Amino acid sequence: MKLAYWMYAGPAHIGTLRVASSFKNVHAIMHAPLGDDYFNVMRSMLERERDFTAATASIVDRHVLARGSQERVVDNILRKDQEEHPDLIILTPTCTSSILQEDLHNFVNRASIISHSDVIFADVDHYQVNEIQAADRTLEQVVRYYLDRCHRQEKWDQFLTDAPSVNIIGIFTLGFHNQHDCRELRRLLRDLDIEINQIIPEGGSVEDLQNLPKAWFNLIPYREVGLMTAVYLNKEYGMPYISIAPMGAVDMAEWIRQIQKNVNTLTLSSSNKRVDYEPYIDGQTRFVSQAAWFSRSIDCQNLTGKETVVFGDTTHAASITKILVREMGIRVSCAGTYCKHDAEWFKEQIQGFCDEILITDDHAEVGDMIARMEPSAIFGTQMERHIGKRLDIPCGVISAPVHIQNFPLGYRPFLGYEGTNQIADLIYNSFALGMEDHLLDIFGGHDTKEIISKSLSTDIGLIWNPESRLELNKIPRFAREKVEINTEKFARQKGIETITVEVMYAAKEALNT
């Protein structure tokens, strides 16, 4: 648990609510004070949902503090059971209500005796994990609950589907371009003649979870959510899984080869023919994805020597780093992630692809690193976009946390072969190139105040002495601001704290040389 005015990953209960609201006919109840119940508004706004979000707050107020919560929590569970008739109700506290240390397990047990719906308590440590970890854990808990019950009732069908099939695990609400990525994965699997058994949690039904083991193997497009479920299914049911993110031409080809390997391995025990996807990889890489051609073009070669910084969740930050270096020949000065719990995997993936690695969830530390590096472009989250605006460095957003801009109406996947085109466009358009640099210099840059310093966390001011201020005021108004900016930039570069008339003329000469 961390007190901060801005975080890359939200509190744990948001992760639980995201998983619950992704399933069909599942209702979540927050045991929370007023102020913690903003999820409904956030999801409705960002996802542009037409239906109400299936989440209710069981408010903790002064009456609850005086008498305890059991009666109110149980009443809210039973009320939603009668009104909504959900298949499952998930009860979750928030960090704030967890301070009360109430026995919510007992509340759930009492309500489940009376309720027609299944009722479970989100088994998450709200002080130790963040939104991402809680979502991963909640999804695994829901899957485990229904498969264990299926075993107890002896309803489990042990036979695989006749044709090759997969489960896609980890597509869910408020994910970064998740809906577009899901469409792209559907298209790819259809091209490969592989059926989709289930997609969870987005749009899935908890009543169908008992059929998860019928698939030949599982696909985990993002490490952040779904990996715990895949590991559980592998351990309990022997289901193979592929956790490579099909992002970029190289990893895209490796992802398809892993699918081919799994299909051919399981084909040995069925009547299906062995498959060869190499012609498909070749055709898609050469004719569908334009990224391979673009990487050899003069436009992409103009990016050679440019330095970048990459920061985001582990999946996107690692993939974008490898795409920049391996596929486009762009140098990555620093790559980092805010997913500290998955730091070892991240370091292993990008070893040798960047000069520095940064593992932190402190945005001020990221800002200081960017200010020190002074890259040509940033590829990060919405926070890095704001940092870039302050430093006048362009930024392409490649990772959650999400913003309304990350829910485009057009088709913008990051995965698959169409995703390679979208990423190449994003990377190229994020740089200020050629004539644009010259024009920005002539017309004074974008409508942002220029800040040139080696740190964002300190406020270093410059002093103009009376003579220099008088000299500045002699300059016509239309050119005065540009002269002031260029002089202060020169002073900072030279480590000068007081600007004199001599410094002004030195700055002018330096600009003309």
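Cβ coordinates are placed from backbone N, Cα and C, and glycine is handled just like the others.
According to TrEMBL, the feature domain 'Nitrogenase/oxidoreductase component 1' maps to 12-431.
As annotated by TrEMBL, [4Fe-4S] cluster binding site applies to D36. Counting Cβ atoms from all protein chains shown, D36 ([4Fe-4S] cluster binding site) has 20 others lying within 10 Å of its own Cβ.
The active site, proton donor annotation in TrEMBL covers D299. When other Cβ atoms within 10 Å of the Cβ of D299 (active site, proton donor) are tallied across all protein chains shown, the result is 13.
Residues or ranges marked as substrate binding site by TrEMBL: G434, M435.
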Distance, D36 ([4Fe-4S] cluster binding site) to D299 (active site, proton donor) (CA atoms, angstrom): 48
